[in-house]
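Colleague: Next up is a structure, given as structure tokens.
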Amino acid sequence: MTYCLRIADLPTNERPRERLMTHGAKILATAELIAILLGTGQGPGKLSAVGLGQFILSELGKHQRDPLAVLREVSPAELMLISGVGPAKATSILAAIELGKRAFQSRPNDGTLIDSPLAAAATLSQDLMWQTQERFAVVLLDVKNRLLGTQVITIGTATETLASPRDIFREVIRQGATRAIVAHNHPSGNLEPSQEDIELTRQLLAGAQLLGIPVLDHLILGNGNHQSLREITTLWDEHPQGD
């Protein structure tokens, strides 16, 4: 795609809006999604909307930063420092970002069946997903895996949080839950479990066997994604939960 052409001059099947309507939003490059929000282009060299979208990402990605991570927290003033971005374009981008956050953070109602890592992650998104400090939380379930509630157990630093099996099970028992899913966030967005994550999970599963309160999963959340330790480790084979 040529970034200096007007979108109106592109073949129909190369225009971002038409591509979205035909193929869905997932197929579009990030610059194309931004172009739809911008509506028009300009900036240095009279760029097309797609070209301006690419230029915005390039400017946000300076100093080896992830442009999407910057975009999540950018202010209107910071966006308007980029050539070609005025108040109208900046507010359109920021409104779309906030709408996406709110849609992702919308949590199920109590009583909802939590039957997958995705469903569990959705219940914890508001508490964990976009936080800049590590947090450890628990999803509280009844015997049929229906949601009773969620609870943040601890709040740590940007790189670590501390949670003990005793504190976690105390909260589960206090709230009358019979099953639980534990989770914490990695503000960096790296969802790989640390050795400490693995060891804590092992302790929780062993404790769950003694107490008769199954721990169904341990999730790591961050930057809009999640990872299930149950899916990527053998810990549940080593410590069956009877679920």
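Placement of Cβ uses the backbone N, Cα and C atoms for every residue, glycine included.
Feature list, courtesy of Swiss-Prot:
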{"type": "DOMAIN", "residues": "113-235", "note": "domain 'MPN'"}
{"type": "MOTIF", "residues": "184-197", "note": "motif 'JAMM motif'"}
{"type": "BINDING", "residues": "H184, H186, D197", "note": "Zn(2+) binding site"}
Colleague: Could you tell me which of these binding-site residues, H184, H186, has the greatest number of Cβ atoms within 10 Å of its own Cβ?
Modeller: H184
Colleague: Using a Cβ cut-off under 8 Å and a sequence separation of 6 or more, which residues in the same chain sit near D197 (Zn(2+) binding site)?
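Modeller: Non-local contacts for D197 (Zn(2+) binding site): H184, H218, I220, L229.
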Colleague: Where does the mean pLDDT land for the domain 'MPN' (113-235)?
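Modeller: For the domain 'MPN' (113-235), the model's average pLDDT rounds to 92.
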Colleague: Tally the residues of the domain 'MPN' (113-235) by DSSP class, grouping H, G and I as helix, E and B as strand, and everything else as coil.
Modeller: 45 helix, 37 strand, 41 coil
